[in-house]
Every structure is written in structure tokens, then in C-alpha cells.
Amino acid sequence: ATLLPFFLFLLLHFSSCDLLKSESMLVTEGAIFDKNYTGTTKEDGELSVFHYSVTQDDVVRIRMTSSHANQSTPLLAVFREPATIISVQLPIMIKNYMYNSTARTLCPYSLSKQYDGNLTISVELSSHRPIDYAFSATIIQNFLLTENTPLIASASASEPVFYQFNFPSYLDSVVIWIESNTSICMTVSIQKAECPVFDLENNVISGGMHQTMTKSGSITVERRFFEKFFVIFVIRPNDDECSTMEEIIPPHPHYMKPREKTFRVTIQAAPNLVDYVFPIAVTFGGFLFIYIIAVAFVLTMGTVEKRAMVMEGRALLNANREDDNEAGPSSRQPYVTDRFDYSVLENEQPSSSSYQDLEETGSLRSFDTVPDCRDKLVVRQNRNLTVGDLSLKPWKTRDKKYNRYVVSLLTIALFYGLPVVQLVLTWQDTVRLSGNLDLCWYNFRCARPFSVFFAFNNVISNIGYISLGLLFLLMVKEREIRYRSLCKLFPEVLQRDYGLPHHNGLMYAIGVAVVMEGILSASYHICPSSSNYQFDTSFMYIIGLLGMLKIYQLRHPDINANAHVSFAIAAFFIFIAMMGVYLNTIPFWIFFALSYLITMFLVSVEFYFKGLWRLNVMEILRSIQYTFVSSKWCSCLVPAYPGRFLFLVIGNSINLGMVVIGLIKRPKDFPSFLLGPFIANLFLYLLYYIVMKFVHRERLRTRAIAFLVLAFVCWFSAGWFFLHNVSDWSETPANSREMNHDCILLSFYDNHDVWHFLSSIAIFMSFSLINCVDDDLQWVRRDKIAVF
């Protein structure tokens, strides 16, 4: 019977039949806790065994050192418990880093099912040659963690440590806070309280949940997964797992002084499901309040505005009839582009012989026929363009063109959104099954788990985009119904001669894009990471692009971009954003800068010349030649359209500055950097539009001013919260956790959640402003409305 432990030890740790010796090779000795034992191992592998008597509630930690042990003559040690065995070899080697000391906490005896009232542990030492050793065993007094009681602990690469927490009956979940003043990389693992314990560098990620940290870490643990659990702390031999700067690992085994990290552990109760009800109810109540205000406005002010619009229209038309009657038929000037019947001219064409005679004399090219006044090359070269000049196409043709934006965007949303939702839910399951919390960049200090979601608050906070996007669609539809009812009262003039042409296709597309932004942002926040950040930004690019197109369409209804061209440009920049995540190199930034500058140039030329400019080298050379041989060659230095020119100079300067900053700094978060030009250009264009309205003595109605002020306040506030990040996927998970902060709103929402709320309101206010910015022009003739 006395030979059984000896045979088991040899079979497990030496695996050599020639090492089997007689019972005389076993030297046993009783041992006392907290006493330091020093000595030298016996020759020829003779065992030195020390026995400790323990009780079931004791948790033992053994420390051991050997100053002369090396790879050729290591010190072998076995810590034997009734149910488990821990073997240790000095020196310990971790990634070619060698340590001549170690400390291990033995699995608690309270978890043993073999308790018979007489428990002992043994420390067995052996080596082929005499090797010095020193060890001691202590009983850990504060092994059980308790709620709201901080614990100061320390660990090193060769001396991992773990503690246990048992859920009290009144708690459903807890948050474990770990804080340290040093940046040494450490892995924190949550494992079910059972033996064996995976507390080594090579197996700590084998069970439960785990994350890396430097100065700050936090993990939310739910009782439904762990009734009792260990909190395990393993120090990494270097900081490769926590830093973007990789350290050089020694090519050969190298002795290292243990890196010790001191930290504080605190366990606090986490909010339960009942605590979720109030903040979620407040959130839904807040957006419901916005709905109530909108409905109340439509039922009251909408009716009043419609009645006032009808009265204004009737008064204006009656005044025009009186003026026409007083002036007589001879002085009445029809609106040429809309009132003249060109079919008469087209039907009464000269004979072919007449054309041949004119062509032979060359005089045909010297005259403009009457239908030429409709040609875009003639109309758009007018320096005082009006909306009437750029709304010559039939209304139905234009409306069909803009409705294609909605159909195209719905198709894109369907084929883009469904795989995204499926992917992130699958990724969430992967995180839960693997337990690797480094796969997702949460704000762990304010992560509120619910069901399958680790951070349900980051998901539900996107309800603002969805609810306000739907409300915006309803408001656009209400304005469309109101306008059509107005057109029925004035069927001959309103839709043809007065106000800006009403086409809501782009507005519907913007509403759909805002809803999709909410869905995809929520999908991204299920497991935020660099791999899926494009889900959060893709429709932000589309929103910015559609916003600029809508502003341009207000006074350029005939010459706006087609849907397929616009979405092709958006797809190109989404592709560049994806490349920027993985190819943040100098060649990529040069490619991006060139692509962006070329796009800026083409858009600027299109905006300045209103679609008349084409890249034709011969025409450009002839134009330059004509300029210098003419008597007004200096006129080329003076812009034909000063307002457009000044706007383009300012806008291109800002865009060029952003490109230069990007080339110099090369930010890691390229998608967010690229989002800047889209949002900045939208704001700049909207500001230019409002300024030009005042320049042309137009005005903003009270409602538009209210939307403008509210949008500015919300954007300014939202920007502050966006810049004060609580996580950053461009950093390592450990470094990102240093940015984590507590909840700031209702003990449920963090900075980024508040950004979601404020930015959704800001987007709603901004596009509501665009929707009503020209309400003052409803009864102004289109040939009197300037184009800018």
C-alpha cells in the first residue's frame, strides 16, 4: 500500500522503468504551514515527501524556488491532493522566458467529493542530481470573495492566482471590477468552480470566459451560467497580447525576473431585469412623446398652414387676373418655357429643299431657331438661372427618376441587411461558446446583458434611428398628401408654374436609410469589432450622400444624378472604407487621396457648370485660344458665378485639409475618418444653401428656424459624446478597456448610447429642416426663383 503513491508518481512524471527503486528511496516528513523548508534533493531521483494535514475548508497555496535548477537538471515537484495532482518543473519556461520560482493555489477541498474527515496533501520533490530547493505552504484566509469588499492581490507570470465567489440567493448577476496602476498584461478568466483549475498561461483560456487587461477590466457574470465560479489571474510573460507593439521573444531560453502585478478586485451587484424596465420605458416614452408632438402639429398647424396656403394662392391668382384684365391682351407675357406650344413649330417644318438651300449657303448655322430656347446648352448658360430653366422635363418623368432611389435602396437594404444580421448573431454565439471576450469591443463597465446579448443597452439605444426614421417617412407622406390636395385646388398652375417641384423619392430614400442605419448599428453593437464596423457606417455614408443630393435636387430637378450612379459612388467609398480597416498603409492612403481628389474635381466642375462641362481636350484648347485672341481675355480671371466659385473654394479647401490631415496622421479608425467628409460636406452645403437664400432675399419660416436651432444643438451635443469614446476597436481589447466608463444615463446607458439618441434626433431635425426649408416659395413663380 505504501508503494502505490510512489508508483503513480513515477508513471506520471518520469515515464521510465529504469527509475523504479525500492521503498527505501521514499523519504517522508511531516510539515507545518507557514514554515519555510529548504534543502537539497537526494541523488538518483530519491523522493523527498512532505505531508500537510488540512480540513475541508482550507485552501492551500505553495511557493517554491530553486536557484540552481536548470534545463539539464530540473527540479521536479508534485503537489498531491485527494482528487487532483499538480506537477511543477523548475525552471518554468513560458515562451522562452525562464523563471526559477513559482507559486500555485491548490484546488479547494470543499469541492472534493471524496472527503472522509482525514485530508492530507503531499509535496514530493525529486531530481536526477542534488538540487537546492525552498518552499512553504500557507492557508489562504481571504479566498472567498464577497460583495462590495475590495481585495488587493498580486500575481506574476510564474505565480498565477485565483479566488472563488459564490452567488448569494438574492443576486442574479454581478460585475467584477479589476483595477491596477501598472500596464502589465494580464488575462482574467471566469471558470466554473470545479477541479482541475486552468490557471496556466497555456490553458487559462480553455474554459469559461476570459479577457485581457492592463489597467482596467470588468466582467459581468450571470448566475444562470455560474452558481459558483473562480476568478483567475494569469500574468503574461510579455505584453504582446495587450499591445500593438510586439516585443522580441528571446530566440533561446532566457532567465527573467518575474513581472509582478498588483491589482484590486471588487465584486458588485449588477442591475437585474427589473432595473432594466425603467430606463427602457423612459427611452420609448421619450420617442413616443416626439410622435405625439408630430401628430399634434399635423392636426393643428398642418391644417392651419394648408388653409393659409389656399387663401394665399387664391389671392395671388385673383390679383394676377385683375392685372391681366387691366393691362389688356396685348401686354400679357406667357411663361415661354411652360406656356408656348412647340408642337406647332415642330409640325410646321420647312421643306427639305429649303434646308438644302440654307445648308449650301452656310446660313443655317448662323441663326437660332425658336425651339433652341429649350435646349439645355442655351438655357443653362444663362448667368441668372432660375428653377424654371431647370425644370423643363415632364413632372412624371422626373418623379419616376427620383422614385428609383427608394426601390434601389430597399433592394440594397434587403440584400445587405439580412446577411449582416445573420452574421453578427452567429458571431455572438461564437463569443458565448468560446468565452473569448476579446472578440468584441464592449464598454464592459456599462454592459447590460439580456438574453443572448452581452450589451443589450448598446443595441436598444438604436431605437431612435428606427422610430424617427419611420416618423420622418410618415411626415414626408403627410406633406405629399397635403401638396396633392393643394394641386387639386389649383390644377393648372401650382405643379407647373409655382414653387419648387415636389419630388419625394429622395426623401423616402433618406427615411429608409435612417431606419436601416438603426438596424445595422444595432447589429454592429451585438459584437462590435473591426470586422463588422462597416455595418455601422455604411448607411451613414448613404445618408450623407442622399442629403447632399436632396439639397441639390431642390433647385436642379432636371440635372440631378441617377440612382444607380449615386449608389455606385457610395459602394466605391464603402469599399475604400473596408480596405482602410485592413490596409492602413502609405500606398493605400495615396490611392485614397488621389481617388478623393479626383471625385472632388468632378463634383466641383459639375456643380459649377451645371452639367454642361465635358472633358474634351480639343474644346478646352479652342476655348483657351478664343480667350486670348478676344478683346476680353482678362475676363477669364473673373468667375462667371461668384457665389458658386466662393463656395467651391471654401469647400474644396476644407476637403483638401481633411485629406492632408489623413495623409499625415493616418488614423487607424479609417471608416470614422471617412465619415467626417460626408457629414462635413452635408453641413457645409446646407449652410451654403441657407446663406444663399438670404442673399437672394428669401426667408426661413419659423418652423425651419426651429428645426435649424434644434439640429445644431443636437449635433453639437452628439459630437461631444461621440468624441469621448468608451471603447475603440482600432486599439487592442486590453487598451480599449482602459477607455471604458460607467453608465452616465439612468444607470443603463453610456456615452455611445447617448450619441445614438442625440444623433438620431439631430438627423431627424436636419432632414425635417431640408423638407421645409423652401416653404416660403410655394407661391413664387419658378422663373423668379434663383438657382445657386
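One is the number of the first residue shown, and numbering goes on along the chain from there.
Heads up, the Cβ atoms here are built off N, Cα and C, so glycines get one too.
TrEMBL: automatically predicted annotations, no manual curation.
Bear in mind that the values here come from a model prediction, so they are computed numbers and not experimental data.
Taken from TrEMBL, the feature signal peptide covers 1-17.
What TrEMBL lists as transmembrane segment is 276-299 (among others). With a cut-off of 8 Å between Cβ atoms, the residues of this chain six or more beyond the transmembrane segment (276-299) that come close are 448, 450, 456-457, 460-461, 463-464, 467-468, 471, 474-475, 478, 745-749, 757, 761.
If you look up TrEMBL, you'll see 405-425 (among others) marked as transmembrane segment.
Panel annotation: around the transmembrane segment (452-476), residues 220, 276, 279-280, 283-284, 287, 290-291, 294, 298, 425, 428-429, 431-432, 440, 442-443, 446, 504, 507-508, 510-519, 521-522, 525-528, 743, 748-750, 752-753, 756-757, 759-761, 763-764, 767-768, 771 of the same chain, lying at least six beyond its termini, place a Cβ under 8 Å from a Cβ of the stretch. Under the heading transmembrane segment, TrEMBL lists 452-476 (among others).
Residues or ranges marked as transmembrane segment by TrEMBL: 506-526 (among others).
Remote same-chain residues near the transmembrane segment (532-552) are listed as 405, 409, 416, 420, 423-424, 427, 506-507, 509-510, 513-514, 516-517, 520-521, 523-525, 560-561, 566-567, 569-570, 573-574, 577-578, 581, 607, 671-672, 674-675, 678-679, 681-682, 685-686, 689, 729, 763, 766-767, 770 (criterion: CB distance under 8 Å, separation of at least six residues from the stretch ends). TrEMBL lists 532-552 (among others) with the feature transmembrane segment.
Residues 404-405, 408-409, 412, 530, 533-534, 537-538, 541-542, 545-546, 549, 592, 595, 599, 670-671, 673-674 of the same chain lie 6+ residues outside the transmembrane segment (564-583) yet bring a C-beta within less than 8 angstroms of a C-beta in it. Residues or ranges marked as transmembrane segment by TrEMBL: 564-583 (among others).
Taken from TrEMBL, the feature transmembrane segment applies to 589-609 (among others).
The list of residues near the transmembrane segment (645-664) in space but at least 6 beyond its ends in sequence, with Cβ under 8 angstroms from a Cβ of it, reads 589-590, 592-593, 596-597, 600, 604, 607-608, 639, 673, 676-677, 680-681, 684-685, 688. Sequence annotations record features per position, and here TrEMBL assigns transmembrane segment to 645-664 (among others).
Per TrEMBL, the feature transmembrane segment maps to 670-692 (among others).
Residues annotated as transmembrane segment in TrEMBL: 704-723 (among others). Within the same chain, residues 683, 690, 751-752, 754-755, 758-759, 761-762, 765-766, 768-769, 772-773, 775 sit at least 6 positions outside the transmembrane segment (704-723) and bring their C-beta atoms closer than 8 Å to a C-beta of that stretch.
Marked as transmembrane segment by TrEMBL: 754-773 (among others). Away from its own ends, the transmembrane segment (754-773) comes close to residues 283, 286, 290, 461-462, 464-465, 468-469, 471-472, 475-476, 479, 507, 510, 514, 518, 521, 543, 547, 550-551, 554, 682, 686, 689-690, 693, 700-701, 703-704, 707-708, 710-711, 714-715, 717-718, 721-722, 744-745 of its chain (Cβ-Cβ under 8 Å, at least six residues beyond either end).
Among the recorded stretches 506-526, 589-609, 670-692, the one sharing the largest number of Cβ pairs closer than 8 Å with the transmembrane segment (405-425) is 506-526. Sequence-distant contacts of the transmembrane segment (589-609) (same chain, six or more residues past either end, CB-CB distance under 8 Å): 380, 552, 569, 572, 576, 580, 641, 644-645, 648, 651-652, 655-656, 659, 662-663, 666, 677.
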